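J.: For reference, Swiss-Prot lists these features for the protein:
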- 101, 102, 103, 104, 105, 106, 119, 127, 128, 129, 148, 162, 171: dCTP binding site (BINDING)
- 116, 117: site 'Important for bifunctional activity' (SITE)
- 129: active site, proton donor/acceptor (ACT_SITE)
């Protein structure tokens with residue numbers, strides 16, 4: 001069951017669901033609009049012939065910070081990691097789904113390549129996988145509404161919430177891949 005605005009507001013009022021900072025105007029009929037943070041990570045591909053998920057040293061990022069009132073011009077075909085301004089704390093009985101906004105999609109901006117699913121128990125800012133599939137540059141502004149998150153109720157609390165084993169738990173700002181940790185478990 002996807003939560004309605006009334007249920008979202010009720011869970012927030014009891015602090016069972018935390019979204020901070022949050023304005024009442026961000027709450028939509030069945031989702032919450034999230035805004036774009038001011039820090040981004042771009043893959044640094046200098047002297048790296050390819051990215052290898054097994055080798056952490058092949059995956060390096062350079063940080064980009066946009067000052068308040070500034071803009072980021074995202075070039076065609078370019079990919080970077082961004083973050084939401086808001087920090088979420090999900091209870092063990094909710095799953096969140098992050099989706100792009102239609103208005104930005106119509107300009108060629110995608111906000112996630114694959115990671116639109118947020119597990120119960122997650123706490124932190126949402127890292128966005130932003131790309132421009134248009135053939136012209138697009139301006140993005142910190143603080144603008146960049147995506148929306150909806151919430152689905154589980155039939156029962158999960159047994160192992162994300163916080164007990166999640167490699168991105170507590171992330172602040174955009175977080176680069178930690179896929180190399182998967183290979184250490186094998």
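Residue positions begin at 1 at the first shown residue.
Every residue, even glycine, has its Cβ placed from backbone N, Cα and C.
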J.: Going by C-alpha positions, which of the recorded positions (101, 103, 116, 119) is nearest residue 129 (active site, proton donor/acceptor)?
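T.: In terms of Cα distance, residue 129 (active site, proton donor/acceptor) lies closest to 116.
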J.: Indicate whether residue 128 (dCTP binding site) is helix, strand or coil by DSSP.
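T.: For residue 128 (dCTP binding site) - judged by DSSP and reduced to three states - the answer is strand.
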J.: Between residue 116 (site 'Important for bifunctional activity') and residue 148 (dCTP binding site), how many Å separate their Cα atoms?
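T.: Rounded to the nearest whole number, the Cα-Cα distance is 10 Å.
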J.: Where does residue 105 (dCTP binding site) sit in DSSP terms: helix, strand, or coil?
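T.: In three-state terms, residue 105 (dCTP binding site) counts as helix.
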J.: Rounded to a whole number, how many Å is the Cα of residue 105 (dCTP binding site) away from the Cα of residue 117 (site 'Important for bifunctional activity')?
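T.: Here the two Cα atoms lie 18 Å apart.
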J.: Using a 10 Å cut-off, grab the number of neighbouring Cβ atoms around the Cβ of residue 105 (dCTP binding site), all chains included.
T.: 13
J.: Looking at the recorded positions 119, 129, which one has the fewest other Cβ atoms within 10 Å of its own Cβ?
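T.: Among the recorded positions 119, 129, the lowest count of other Cβ atoms within 10 Å belongs to 129.
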J.: Using the alpha carbons only, what distance in Å do you get between residue 128 (dCTP binding site) and residue 117 (site 'Important for bifunctional activity') once rounded?
T.: 11
J.: In sequence order, what residues of the same chain, 6+ apart, have a Cβ less than 8 Å from the Cβ of residue 117 (site 'Important for bifunctional activity')?
T.: 95, 96, 97, 98
J.: Inside 10 Å of the Cβ of residue 103 (dCTP binding site), count up the other Cβ atoms and send me the figure.
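T.: Looking across every protein chain shown, the total is 9.
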